[in-house]
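Novice: Among the features that TrEMBL reports, domain 'FAD-binding PCMH-type' is placed at 17-189. The active site feature in TrEMBL is assigned to Arg165, Glu335. Under the heading active site, proton donor, TrEMBL lists Ser239.
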Amino acid sequence: MTIQREASLQPYNTFGIDARATLLAEFTSVEELRQLLQNPEVQALPKLILGGGSNVLFTQDVEAAVLLNRIKGITLNPEADGKHVLVTSGSGETWHDLVLYSLEQDLGGIENLSLIPGTVGAAPLQNIGAYGVELKDTFVSLEALEMESGNLVTFTHEQCGFGYRESVFKKEAKGKFIVTSVTLRLTKEHTFNTSYGAIQDTLLQQQVQELSLKAISQAVCHIRRSKLPDPAKIGNAGSFFKNPEIPLALFEILKSQYPGIPGYPVSPETVKVPAGWLIEQCGWRGKILGKHGVHKDQALVLVNYGGAAGNDVKALAYEIIQSVEQKFGITLTPEVNII
Ligand code: FAD
Ligand code: EPU
C-alpha cells in the first residue's frame, strides 16, 4: 500500500483537470481500506473517494486524502425461483465490465446501461441511468464502510432513497460512507426494453433479426459512441446538468412561446425537459472558449480540449445556468460533483 504525496489527479478524472491531492492511495480490499483509514497521515485529513473520476470536476487542489477504489470480484447466487440471479460485485469493478460479464452469463437487466463510465461503487450514488433503465430497477442492496465507526453497513433499496440521479449518498449520508460492494438481481428470463427512442431505429439499421441482450447492448454502445465524446480523446464528465423537471403549467406557457420544446411527462403535474435543448437554444452548442467549451454534438456536455482549469469550466457552467434562467425561467442543476 503506497501513499503518494502532492500527487497529480489528472490521470484519475475524465475531465483531465490537473489538480493535486495532498495524499493519494489505492485500496483493493475492505481490509486495505480499513488500514488506510487508520494511517495517522490519512486520519488527519478529509477523505475523498474516487472510482473512475467520471463524474467530478476539480476546481482547486484537493486538500484531502484521495482514496482510489479498486475492490474487485464478482459472485453469482442463483435464486430459488430459478428465474433470477443475485450478482454481487466489488465496488471497484468497472461498471461496463460488470455489464459485459452479465451478458456472458446471459443475465438481463443492465444491458441498457452499457458503456457508462466509472465504477460499480459509484453507480448507486447518482442512480446511474440511460436508455429507459436506471440502476434502481435491478438494485437489491449495497455494503458500505461507515467512515466514522469503521463498521460495514448494509443499505437496502429503500434505504438508498433513489431518485432521478439522486440517492441518500448525495444528501444525508453524503461523505459518510464508502461503498464496498453492490448486489443486483438480474434475470434469466428476459424482458427487453427497447422503448427508448433511438434503440429500435439502431436495431433496424443493424439488421438485427432476433432480439437479445447482446444486440441491445451493442445498439446502446453504438448510439453512445455516436453522441458522446470519448473522454480518452476530449475531457468531459458526460451530462454536466440534470434534465430539469418543471411544472406542467410552466411547460404549457413555454410550449406556446417555443412550439418545438421537447418534454416528457414524469407525473400528472410535472414534465422533464432536455437541458441539452435549452442550452442549445441559448446559443451555446459548439462554443469554444480557449481550452474549454460546449460539445458540438451535445450541448449538455462541457468539454476540456486540453489544459483547461476546473474553475474555467465551472465559470462556463454558471454562465450557462444564468442564460437558461433568463430565457426560460428554468434553473439548471449540475449533475457533476464540483469539488
Ligand atoms: P467518480 O467520478 O469517481 O465519483 C463520483 C462521486 O461518487 C464522487 O463524489 C465520489 O467521491 C463518489 N464515490 C465514488 N466511488 C465511491 C464509493 N465507492 N463510495 C462512496 N462514494 C464514492 N451517468 C449516468 O447516470 N448515465 C449516463 O449515461 C452517463 N454517461 C456518461 C458518459 C460519459 C462520457 C461520462 C464521462 C460520464 C457519464 N456518466 C453517466 C456519469 C458517470 O459515468 C457516472 O456518474 C458514474 O457512476 C461515475 O462513476 P465513477 O466511478 O467515475 O465516479
Ligand atoms: N438535445 C438538443 N440539443 C443538444 C442535445 C440534446 O436539442 O445539444 C435534445 C434533443 O431533443 C434530444 C434530447 O435533447 O432528443 C435528449 O437528448 P439525448 O437523447 O442525447 O439525452 P439527454 O437528455 O441529453 C440523458 C442523460 C444521459 C443518458 C441519455 C440516454 C441526463 C442528465 N442525461 O441525456 O446520461 O445517457 O439521456 O438515456 O439525464 C449522464 O448522466 O452523464 C448522461 C450522459
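Each residue, glycine too, has its Cβ placed from N, Cα and C.
All annotation found in TrEMBL is predicted automatically rather than curated by experts.
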Novice: Let me know the DSSP-derived helix, strand or coil state of Glu335 (active site), please.
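Specialist: Looking at the DSSP assignment, Glu335 (active site) belongs to neither helix nor strand, so coil.
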Novice: Write down the Cα-Cα distance for Ser239 (active site, proton donor) and Glu335 (active site), rounded and given in Å.
Specialist: 7
Novice: Could you tell me the C-alpha distance between Arg165 (active site) and Ser239 (active site, proton donor) in angstrom, no decimals?
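Specialist: Cα to Cα, Arg165 (active site) and Ser239 (active site, proton donor) are separated by 11 Å.
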